[in-house]
Amino acid sequence: MSCGGCGCEAAAGMGAGAGAGATASEAYLRGEPVREARELVAELCRHFYTQGWVTGTGGSITVKVNDPAVPLADRLIVMSPSGVQKERMVPEDMYVMAADGKVLSAPVAKPWPNKPPKCTDCAPLFMKAYLMRGAGAVIHSHGMETCIATMLNPGAKEFRMTHMEMIKGIKGHGYRDELVIPIIENTPYEYELTDSLSEAIAAYPKATAVLVRSHGIYVWGDSWINAKTQAECYHYLLDACIKLYQLGIDWTTPEHGPLNSAKRLRSILSPEIPNGCHAAEASKCVVLDIEGTTTPISFVTDVMFPYARDNVRKHLVSTFDSEETKEDIKSLRIQIEDDLRNGIAGAVPVPPDEAGKEEVINSLVANVESMIKADRKITSLKQLQGHIWRTGFEKKELQGVVFEDVSVALKNWHASGIKVYIYSSGSREAQRLLFGNTTYGDLRKFLCGYFDTTTGNKRETKSYFEISQSLGVDSPSQILFITDVYQEAIAAKNAGFDVIISVRPGNAPLPENHGFRTIKSFSEI
């Protein structure tokens, strides 16, 4: 179907307040930022036409005007029109809209055989991505791979894949993570997709794309560069999955083994059962805590934490000018400023860069040592610790430790088709380092993904709800969560998870009558 029809009126009524954009003057509309955005959309349309994404006048692109003086949410919007040959578009063909979707500038009609100007029918869907995700750009593609991929199983509500390099190009994902793209059903008219797209965006908080069956894909990012990069990665990955399907290779499991039969294909794509997970009582998706569950608490407290504490200064000095450490320092500054406002003990001000490298590092070391001593579960600390530990693993100064029954269980679950994930307060990088360098070898091949505090606090129910949405199960009860922390067990249970508490040497005592099943070894599961 074409992206024709008038969607601007529908878009105009969406959102609250146009902010700075609603009162944009004629001079501003003719100014450099708006002109550049018009030119950019025209350029991207021509480029995407050569990729086969916007042929036959299909597909559409929209970007926020790049004006740093205006908050992203309030910036003007430039959208491509409907029914126009994308490879022939010029900047003057674009619509300019306020942040709430109200049209501020429309193109002038061209002589026959050109159609009268009409705003893209995708407008209300674009507005959902802007308003619900704070996007800076949205791309709607009719690329053939985005259409065919949704036809491999007509009933599937998601498309899943893992262990492909280009997954790293999707925001919030790494090579070993599972990428889940929600699928919504097509409709005769584009604007009729608005509600189902909105529901998919809400149901999949980490998603940056939604597939429309037998139609195409919507991809968004915080900038046009991010949206374009992700769109290219999605097209590559979907094309790869189609080719793997033709070759009889399973793209949903880490080992990418053969699709042995039609029954196997149904099992990996079934809309009723999450990919690789089965509804039988003995087969569930499993989410594991690390400290006190897969790994002795003593290893974390007596080996990992001291290593990070003892090497933080050395790490900061040797990597101070790297982009990675600059980001670590930026995150730490934000956290420390918040700690100072809240009177957190041990927090000391970090001087500006102008004070010199040594002064900045001294203050950072003092703050980090205090955070480690208090065992704070904060993302900025965990991120830095992960980078320090990476060096330790690379130099063979560290080796991951897991209980013997853990390695056995991971292998057995993997062989049974059960997908296993990790949820720890340690960064995802730290998790991969630990399981990739254990005394039992590299166990990462038995794991499908990793969650850390960027998902949310482990003692909050909403964190587990988000995990269940990311895993795409029909019911949270299909997920078994194993932890040693009573408060985490409560939060997961409130989210509907099946929960078991791990009782290992050195773990904290549990309250009487806690009501949870307990195990001393994974062999009991």
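Numbers run from 1 along the shown chain.
In case you wondered, yes, glycine gets a Cβ from its N, Cα and C as well.
TrEMBL annotations: computationally assigned, not manually curated.
What you are looking at is a predicted structure, and each value in this text was computed from that prediction instead of being measured.
The region 'Methylthioribulose-1-phosphate dehydratase' annotation in TrEMBL covers 1-250.
The domain 'Class II aldolase/adducin N-terminal' annotation in TrEMBL covers 39-242.
Feature annotation from TrEMBL assigns substrate 1 binding site to Cys122. Counting every protein chain shown, the number of other Cβ atoms lying within 10 Å of the Cβ of Cys122 (substrate 1 binding site) is 28.
Taken from TrEMBL, the feature Zn(2+) binding site covers His140, His142, His215.
Marked as active site, proton donor/acceptor by TrEMBL: Glu165.
Note on the region 'Enolase-phosphatase E1' (286-525): its mean pLDDT in the predicted model is 91. If you look up TrEMBL, you'll see 286-525 marked as region 'Enolase-phosphatase E1'.
The feature Mg(2+) binding site is assigned by TrEMBL to Asp289, Glu291, Asp484.
Its Cβ placed at the centre, Ser425 (substrate 2 binding site) has 22 other Cβ atoms within 10 Å. Under the heading substrate 2 binding site, TrEMBL lists Ser424, Ser425, Lys458.
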For the substrate 2 site made of Ser424, Ser425, Lys458, how many Å separate the two farthest Cα atoms? 8
Using the Cβ centroid of Asp289, Glu291, Asp484 as the reference point for the Mg(2+) site, which residues of the same chain not in that list have Cβ within 8 Å? Ile290, Gly292, Thr293, Thr294, Thr295, Ile297, Ser424, Thr483, Val485, Glu488, Ser502, Asn507
Within 10 angstroms of Cys122 (substrate 1 binding site), Cα basis - recorded positions out of His140, Glu165, Glu291: His140
Rounded to an integer, what is the Cα-Cα distance in Å between Ser425 (substrate 2 binding site) and Asp484 (Mg(2+) binding site)? 13
